[in-house]
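In what follows, a single structure is set out as structure tokens and then discussed.
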Protein chains: 4
Amino acid sequence: MRILLSNDDGYFAPGLAVLAETLSTFANITVVAPERDRSGASNSLTLDRPLILRQSHKGFYYVNGTPTDCVHLAVTGMLDELPDMVISGINHGANMGDDTIYSGTVAAATEGFLLGIPSIAVSLVSASKGNYLTAAKVVADLVKRYQKSAFPAPILMNVNVPDIPYESIKGIETTRLGKRHRAEAVVKSENPRGQTVYWIGAAGAAQDAGEGTDFNAINHDRVSLTPLQMDLTQFAQLSATKHWLEA
Amino acid sequence: MRILLSNDDGYFAPGLAVLAETLSTFANITVVAPERDRSGASNSLTLDRPLILRQSHKGFYYVNGTPTDCVHLAVTGMLDELPDMVISGINHGANMGDDTIYSGTVAAATEGFLLGIPSIAVSLVSASKGNYLTAAKVVADLVKRYQKSAFPAPILMNVNVPDIPYESIKGIETTRLGKRHRAEAVVKSENPRGQTVYWIGAAGAAQDAGEGTDFNAINHDRVSLTPLQMDLTQFAQLSATKHWLEA
Amino acid sequence: MRILLSNDDGYFAPGLAVLAETLSTFANITVVAPERDRSGASNSLTLDRPLILRQSHKGFYYVNGTPTDCVHLAVTGMLDELPDMVISGINHGANMGDDTIYSGTVAAATEGFLLGIPSIAVSLVSASKGNYLTAAKVVADLVKRYQKSAFPAPILMNVNVPDIPYESIKGIETTRLGKRHRAEAVVKSENPRGQTVYWIGAAGAAQDAGEGTDFNAINHDRVSLTPLQMDLTQFAQLSATKHWLEA
Amino acid sequence: MRILLSNDDGYFAPGLAVLAETLSTFANITVVAPERDRSGASNSLTLDRPLILRQSHKGFYYVNGTPTDCVHLAVTGMLDELPDMVISGINHGANMGDDTIYSGTVAAATEGFLLGIPSIAVSLVSASKGNYLTAAKVVADLVKRYQKSAFPAPILMNVNVPDIPYESIKGIETTRLGKRHRAEAVVKSENPRGQTVYWIGAAGAAQDAGEGTDFNAINHDRVSLTPLQMDLTQFAQLSATKHWLEA
């Protein structure tokens, strides 16, 4: 089985290293990741300059571009054979609820999915205790399950893992994305040259963290697995919109 | 009525200028847009450095950040009063089908929507003939319609306009997003220093452009209006995923 | 007379506009400047991506690159005829003493000089009162003097102008560069994500501001004009170095 | 002896690794280098955003900034004790003649020098055969010589080493910088979106490569050592300039 790995924290990130090591025990791994931290990159594509591919001492490839660029370049131009799966992560920190819109981790997996390949994004919630191995083992479990019983394609899975030992995990729950409160306001500051500058503030706290959401699963020490789709059409509003236009 | 305008082509883009001029005849306009072309920026947020806000000779504000940064900064920190609407565009080129995932134009409107404000993204398909005024008039029509009859909030509308005179437009159609074929492969090239470089290739041609899609509306000289949503959960797959996990 | 103008504050900077307007009364002006503020860019060249040339509503060209890129592109590829002179500025703030090493304003003029064209860098010291017109008139005086009596080529002149009305200027003084004290330490701070970040601190105060220096001229309300050269060889140390190596 | 190492090729560059390993046998090494390739960065300083310091698996520190930023941050804010020497390199490719103006390798050493610390920039000419160890040994020789017999401070040395085995080196020559011919013109190209783009062309060939220059030393398989200075004043022109102004 050939797996393409990427992330948004950069090719040197510890979460990526642990994931690559764990998966390489039973799969053929190629890493193509950004040369620097691109957290918050969302699905951005680099259109105003070409990309350069380099290789690190570990054999990891890295690209002067976004997570989406990495997967796009690997799949459409670099790899001789299509990967059987694209996995992005292990992200340092959660990607739940509205985070998925901004996340470069989810974006790398999304690009695999849009190119027709089953894809998984995996994030370690909080990450302060650094239980990357827990997340790596969870991914290995999912991949092995997929090898035995292929999920009806196409798939795009968003996986969030609590930052606790593997043994303490209380199962995997299929979830919907929760909702966050509005993000914190920008943080106004001044640089040493006396200019006013603004930092993007923290994400909002969970607003809809009820039964069935990713937030709720994590709060109960369970892995959250949310199947995603990329058609942004608001189907439920199509007919109301039509009426509004014609009124 | 207070309208916040942004785009992804940069604060100096002709489409933005035409839109601002058209809307300012009946609304209070504030422009906050990127200082340079950020096409393809998607929903990326700038987290590794603070933003600086400057003002051009026209009174337009510009920010050394992404389209999402612009709207986020304006709404959460800069404007004294919340805008009644966020409008992003007029983009130079279509944002249909899967383009919406990568588009900075759609992202700026999305940020307004996620912050609780009715938002519209507007793009001029092809744009080679430069009928920005057509698109500006279409947006003005929609805004005036909204003033008379508020759409049940919240709304996020993706509007694509054919690049033809206003008089030639054959109506507005409520559509779903079509699908594109897989993107073209990266274009391999060499820079003058002899390094191999890769350009991201063109978007794929329309694959699903059938009845009811945005592609179809445009092909028939109609404005396409697609209501969007930002919950990426694949609800239709929740139960299959659950079964797969438990099998 | 054909003059190529550039700067490091960006093509939209007020100092550049005033300079272009003043010089265009008697010379043929082309502006090619960075698309965004590139203060502190020094002589950096963009080697990892190609440059794009765009034109603003005023007819100014702007480039997604450094000040050096702008002059290099204009002279080696864009202009049909070589300019008779390259002028960079009017910078917002002084470029005296060691500043010249880091300055993008000086770098743009340096690039003209290295390409064989007489070049002037001009900066408005302090700039808080905004007497850009004073600096523009001083440059016009120098250019007219040069038209009547060509300086033995090649030349690279670094001009600093006090931020006072033209009538208050007490002459032009030929100066050597002064020296600054060591720069201030980096300013340690924390971003909203809790990461430690460091801002480059302010330049040091003048250390050698004695008779004959640029600092001294400015302190006496005189324009400072320093002829520069770009051979960094420390000729005075050649023989001592040889002895040291052979000892 | 405490040595601060930096470069402009990025903290992962093979030349830096070889240099660090060679010097660490007899000196206390700290590496602070750019997180990505910043060739051509010259003395640029990052003023519009703060810097972040990270540490790689090897213990090397890396910074999201320029070579100058790295040394500036290390010396003015990060290191508890001042280094006894700053060494920048081993650059992949020559830094001779006018290259020194644009070079990030030279710039990192320059920053050490301007902060009062003896500094060396070292480059491997051509570098296609990868004899980094030759250059590392040459630097080790120079440092050991300096330990025995301190050069009269302050010093800034620009060292270029032929890409041949250490045993084939025919001595070290104290040189002046040569001159290059005008750089090649920009290379006009088109990106896949049909936009005209311009790549900065190659550096010019050697024009003054005569007896006593760095080019000449390299051409004879000798190491070139050029003492540099950073006062750009063209002293030889001061009096002619004065006359010109007063004529």
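Cβ atoms are placed via backbone N, Cα and C, with glycine included.
Taken straight from TrEMBL:
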BINDING   C:Asp8, C:Asp9, C:Ser39, C:Asn91  divalent metal cation binding site
DOMAIN    C:3-183  domain 'Survival protein SurE-like phosphatase/nucleotidase'
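With an 8 Å limit on C-beta distances, the binding-site residues from C:Asp8, C:Asp9, C:Ser39 that reach chain D are C:Ser39.
The local packing around C:Asp9 (divalent metal cation binding site), expressed as other Cβ atoms within 10 Å of its Cβ over all shown chains, amounts to 23.
Confidence in the domain 'Survival protein SurE-like phosphatase/nucleotidase' (C:3-183), given as mean pLDDT, stands at 94. The secondary structure of C:Asn91 (divalent metal cation binding site), as reduced to three states from DSSP, is extended strand.
Between the binding-site residues C:Ser39, C:Asn91, C:Asn91 has the most other Cβ atoms inside 10 Å of its own Cβ, all protein chains included. In sequence order, C:Asn7, C:Gly10, C:Ala13, C:Asp37, C:Arg38, C:Pro67, C:His92, C:Gly93, C:Ser103, C:Gly104, C:Thr105 are the same-chain residues whose CB sits within 8 A of the CB centroid of C:Asp8, C:Asp9, C:Ser39, C:Asn91, the residues recorded for divalent metal cation being left out.
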